[in-house]
Amino acid sequence: MIPSSNNAQTPPSPGYYPSSRISTIGFDQGYRNLWGPQHQRLDQGTLTIWLDTYSGSGYKSLEPYQSGYFGAAIKLQPGYTAGVITSFYLSNNEEHPGNHDEIDIEFLGTTPDKPYTLQTNVYIRGSGDGRLIGREMKIHLWFDPTQDFHKYGILWTPSEILFFVDDIPIRRYPRKSDATFPLRPMWVYGSIWDASSWATEDGKYKADYSYQPFIGRYQNFKIGGCTANAPATCRPPSASPSVSGGLSQQQYSAMEWVQKNYLAYDYCADPKRDHTETPEC
């Protein structure tokens, strides 16, 4: 499933750029430190968080949201990063411990000879608590995410969840039923932490602190959404120029290009999974 290196490196244009419609905010306008305050630094609009033997670090939005576009430009650490996860995600696990919802973008650290894996995931009403029922899709990127900042975003609407990389949709998760879709308000988070037990090749390679500190850099924060107490008339930003807000044909083509060339794992296609637990497949 690992794509060959002779893939076309330039994705087709999606024709529409949702992040460009949302103004950038300063970190302090939308977020605060949640844990590891000594491992977080803000300098000229760039937030740096890091993991070492003492601690990782995480941040959290000031408000909960019921829908919206949430994004940041992120630059990852090069070299040996096995076991380390750099993340940007939505969750209500503090509000609903043991029964929470979550929408994830997670960069799974790696060994120097292999590319980072970008994992997207959705948990609904406790499927990420106790006995896990994950809905993971993993892709490799068509660029080196350690060389520069790239834009990553989540668009969560009442009808679907879209994941974007540089405004190219990489995954669409539609609301096929209320039981398989997160409907309760969530906060926005980012973090860097040690997930050695599973992050890299199912835990085969663990964090090696002789390479510390492990650093994640975030800038260009964007939140365009409906807060939890927004009026019912509030609408999240559109994914496309169309009135319906759904992806255009050009965006679908770009997403198909990504999934054809760079898909590394799709839970719906995993024969080892019990698909009665994931009826949307």
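In case you wondered, yes, glycine gets a Cβ from its N, Cα and C as well.
Predicted, not measured: the structure shown is a model, and the values here were computed from it.
For reference, TrEMBL has these:
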- 3-218: domain 'GH16' (DOMAIN)
- E102: active site, nucleophile (ACT_SITE)
- E106: active site, nucleophile (ACT_SITE)
E102 (active site, nucleophile) CB neighbourhood, other CB atoms within 10 A: 20
For E106 (active site, nucleophile), the number of other Cβ atoms found within 10 Å of its own Cβ: 20
